[in-house]
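Here's the structure we're looking at; comments come further down.
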Amino acid sequence: MSTSLETPSGASAGPSIVASGLPPLADLVRAGSKRTRVVYGAETSAVEDDGLARANKIKLATKLAIEYKDVQTLPPILQAQQTGPAGPKRPTQPSIAASATAGPNVKLIGGPEAEKASSSTPQAVAEPRSLVKFRHQEGFAAEGGQATSRLSQALMRKKEAREVKPEYHPEWKLTRVISGHMGWVRAVAMDPGNQWFATGAGDRVIKIWDLASGELKLSLTGHISTIRGLAVSDRHPYLFSCAEDKMVKCWDLETNKVIRHYHGHFSGVYSLSVHPTLDVLVTGGRDASVRVWDMRTRANIFTLTGHTSTVGDVKTQDSDPQIISGSMDSTVRLWDLAAGKCMNTLTHHKKSVRALAIHPTEYSFASASSGGNNIKKWKCPEGIFVNNFVGHEAIINTLSINSENVLFSGADNGTLTLWDYKTGLPFQHLKDIPQPGSLDAEAGVFCSTFDKTGTRLITGGADKTIKVYSEQA
């Protein structure tokens, strides 16, 4: 019996498959996709947003409860101190949830309520997280996408308000040139009564000049080498001098004679300073030591060691640190006079420190060396660095400060700069002109001082002259 495989025309093969007992094709596809989702869904599909958000809420709430529980409220003592009269309140800022509706500001720390409020905003949900993060980092504002935010604008305003503007200082002009020395003028000191000043030079002579007329009043001889430092006592009629002959002398200005010698330095003495309130004299020199002397008994009270090269300048004041020294080893040292020990060593300078200056009223001082950023301001007593005085690229030999916050710096190449001491900005540049007959190389400035009024500046230079600059009213 033969079976025909042909199907009648117009008949389909579908009924024959159903008749064989197999399920429909649509049911097979649906069952297969469901099974595939169950088996491979954990590896290929993204984690459900609802579960992730719920986990983040639990994590954040736990962190707030554990880590910030103790600091959410102030202790009773601090809370009582802060319950005093308050000033006018600031205008209330829009809430985080409200700002999220208008822009992409992101709350950094918040509880579940903040998360719930932000998730209820359709714009925040619809916007991709990467775009929100990018806009937050760039600081885009909600109005027009400008690259500034309220926070950055407030910080910029505060920074501008903190900038200190320099004071107005009148110009300074050269008013007198005094000749008389036969060598480089290396030291100058002012009379406490503002009547005369003394100068010392390479000709081994100390000359005393009348401040008003510029006339020579007296010449003192006794040193056998270049005079490097002079100081006049505020409480005694004494003039102190030091020189490269290792000698420190005390001159009685009533008899114009040397009444005391201070022996102890092993090499030339380059600087000295008289303590303003104690009968103490401080000297520094090429033997890398700072020596403290009893003015009356000539005893060497302390020998302060620590520098490894020539001590270029030394200053004293009545408050700590009572002794400040600058050395050719590129350091500035602050000394405790009572203990005879070093309090601090400042190593900011890269080259030799040749000059120091203490502000007459402000609790600070300045130091100078050579190279860039060569003048630095420091705050006492720890010697905290304040700022640089940028703009005088030369070897600075001398610094002076008056009570009107004018800092003067004189350099080896004959350049002079006047600074606003508060801000560190220069307001006038001058050039030392050598006297006729001198070489251009003899334009260096070695010493300087303001008079007691702060309106006249006296400098000594390599052209063997003394120059007086006056403030123009």
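Quick reminder: no glycine exception, Cβ is built from N, Cα and C everywhere.
Swiss-Prot assigns the feature region 'Disordered' to residues 1-21, out of the candidate ranges 1-21, 148-168, 253-273, 400-420. Within the set 79-102, 103-126, 295-318, the record from Swiss-Prot flags 103-126 under the feature region 'Disordered'. Residues 164-167, 169, 171-172, 354-362, 366-372, 374-375, 377, 443-450, 454, 457, 459, 461 of the same chain, all 6+ positions outside the repeat 'WD 6' (391-429), place their C-beta atoms under 8 angstroms from a C-beta of that stretch. For the repeat 'WD 4' (306-347), the number of residues in each DSSP class (helix H, G, I; strand E, B; coil) is 0 helix, 22 strand, 20 coil. Summarising model confidence by region, the repeat 'WD 3' (264-303) averages a pLDDT of 96.
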